[in-house]
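Per Swiss-Prot, the features are as follows:
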type	residues	note
BINDING	G77, P78, E79, S80, S81, G82, K83, T84	ATP binding site
Amino acid sequence: MAPRKNSKTQQPTGDNRKKALDAALAMIEKDFGKGAVMRLGDENRPPISAISSGNTAIDVALGIGGFPRGRIVEVYGPESSGKTTVALHAIAQAQKAGGIAAFIDAEHALDPDYARKLGVDTDALLVSQPDTGEQALEIADMLVRSGAIDIIVIDSVAALTPKAEIEGEMGDSHVGLQARLMSQALRKMTGALYNSGTTAIFINQLREKIGVMFGSPETTTGGKALKFYASVRCDVRRIQTLKDGQDAIGNRTRLKVVKNKVSPPFKIAEFDIMYGEGISRESSIIDLGVDNGIIKKSGSWFTYEGDQLGQGKEKVRLYLKETPELADEIEDKIFRALHIGKYAALKDADDALTDDPVDMVPNVDFDDSDDD
């Protein structure tokens, strides 16, 4: 009986390992193009850029000064909690920076007048109101692959109805169709979003699981794929009604970053959404300014660098709204103090100084003179 041949691949040793790796890398580069495989240290990657949310508190909670470019973001919460308002403010900021924005209105509920009040350039905004979920996601994918879009908002995942469900009868069962649709779409879009630097914000609704005895029964629609593919997930909740006398003028809202792949998660932002006006940037500047010692508060008076801003938060808010240069200056100091956005490099420098071995040397008296 002939001896059986050993089919195990011979492991190269010493310098042969490097030669074998170089040959494999050369073949991969030839077949798939330059950059298909690279050493992580070979390329100097810039910090992750972001699109501002338009609100100081949210930008601080996100950790990088806004929603990350080239990534998927999920914004979910109960009805009328401010999800679409958050997304529209991000669109307005992208447009102010010279970017192009798109809005996939699967709910057919976009209010152009309200969007305009939030600062959105509705004349330049690309809007699609698709008939089916497949059509919505295909349009979104084509826009992303064009490489010309800075931000795209899909409102909402729950409204992305599969074609089979629309064409079927009302009582037909279509278990798992939407989850499979989302899973396939996200597999296709993730790479295209990264390559184009487009931020995709998926707005999602909440549902309750039946029979849950322990833990939260709340869950989001569209299956689990979005939870995995999203780099940032934000839970938006209305926590208080703001009143002027007996009249409701807005909501106090809490945004919790429940997942964050680009910065430490679980940070919380609280901000005011004023009816007909949107998120109040000035209120967040006042709150964060006081918290970080940039604005001094004495009783009901607010002071900045020795100058009185006004008495009462509402009057100071209106004053900052009338003087945007001052609001920008205070916001910039907040970002600097918290090492957010362009000031993130300062934190690395501070950490390097803190970790300096010289600082760790105990205080020792090296004086050789006798005490006698």
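One is the number of the first residue shown, and numbering goes on along the chain from there.
Note that Cβ sites are derived from N, Cα and C of the backbone, with glycine treated the same way.
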Counting Cβ atoms within 10 Å across all protein chains shown, which of the binding-site residues S80, S81, T84 comes out on top?
T84
Let's check the environment of K83 (ATP binding site): how many other CB atoms sit within 10 Å of its CB?
25
Measuring CB to CB from P78 (ATP binding site), give everything in the same chain under 8 Å that is also at least six residues away in sequence.
L206, R237, R238
Restricting to the chain of E79 (ATP binding site) and a gap of 6 or more, list residues whose Cβ falls under 8 Å of its Cβ, or answer none.
Q205
In the same chain, which residues outside the set G77, P78, E79, S80, S81, G82, K83, T84 have their CB within 8 A of the centroid of the CB atoms that define the ATP site?
V236, R238
Does DSSP put K83 (ATP binding site) in a helix, in a strand, or in coil?
helix
Once the DSSP letters are reduced so that anything not helix or strand counts as coil, what is P78 (ATP binding site)?
coil
